[in-house]
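Database features (Swiss-Prot):
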BINDING   60, 62, 80, 96, 121  S-adenosyl-L-methionine binding site
ACT_SITE  161  active site, proton acceptor
């Protein structure tokens, strides 16, 4: 039995390593690119020329996917607490999204215009304490949702990372008041042992 468990663990690790190798081969900054690509392809998230806001952007793989998808006529605004090497065609803002001053910087960069898609892969500094980590992650998700209420165009979409826990259902219902439909996504590149899920709000209600 122990051998079988070890074998299964090895197979899972091998599959996940494939995403790392694939990212290196294809020039993505992390394996997270394939999470967004899978969801985007399934739900047709991107349209050439659209404006995208990427929250929690470091190391930049989601912004890479967004830039490829929106093309030269599109715009990508990325924000994160950590610094990173900007990508060609991307506007990067470094700062804590929880701070009003940083939010004002993002609003200024948008120039009074609204986004056509908001994607958030924000994650708290994990402590290993499940209840605390889940609560902090949900708080970031709520802030991203609040941002969408003012800065996402009607009829457009919002993708956000959340962690399974006691607040998950309440947050999903909160999103349902702002979007015509809310669906759960667990892409293949998301590790099986991870508690992360992605909620996709489709067609923001005016």
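Placement of Cβ uses the backbone N, Cα and C atoms for every residue, glycine included.
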Check: Could you give the Cα-Cα distance between residue 121 (S-adenosyl-L-methionine binding site) and the residue listed as 'active site, proton acceptor', in whole Å?
Finding: 5
Next item on the list: Look up residue 161 (active site, proton acceptor) in the DSSP assignment and reduce it to helix, strand or coil.
Entry: strand
Next item on the list: Mind telling me which of the binding-site residues 80, 96 has the densest Cβ neighbourhood, counting other Cβ atoms within 10 Å?
Entry: 80
Check: Quick one: Cα separation, the residue listed as 'active site, proton acceptor' versus residue 80 (S-adenosyl-L-methionine binding site), in Å?
Finding: 15
Note to self: Helix, strand or coil by DSSP: which one applies to residue 60 (S-adenosyl-L-methionine binding site)?
What the structure shows: coil
Next item on the list: Please report the number of other Cβ atoms within 10 Å of the Cβ of residue 62 (S-adenosyl-L-methionine binding site).
Entry: 29
Checklist line | residue 80 (S-adenosyl-L-methionine binding site) - helix vs strand vs coil (DSSP) | finding: strand
Check: Tell me, how many other CB atoms lie within 10 A of the CB of residue 121 (S-adenosyl-L-methionine binding site), whichever protein chain they belong to?
Finding: 23
Item checked: Extent of the S-adenosyl-L-methionine binding site in Å [max Cα distance among 60, 62, 80, 96, 121] -> 18
Margin query: Same chain only, sequence gap of 6 or more: which residues have a CB within under 8 Å of the CB of residue 60 (S-adenosyl-L-methionine binding site)?
Written below: 29, 30, 78, 84, 85, 87, 90
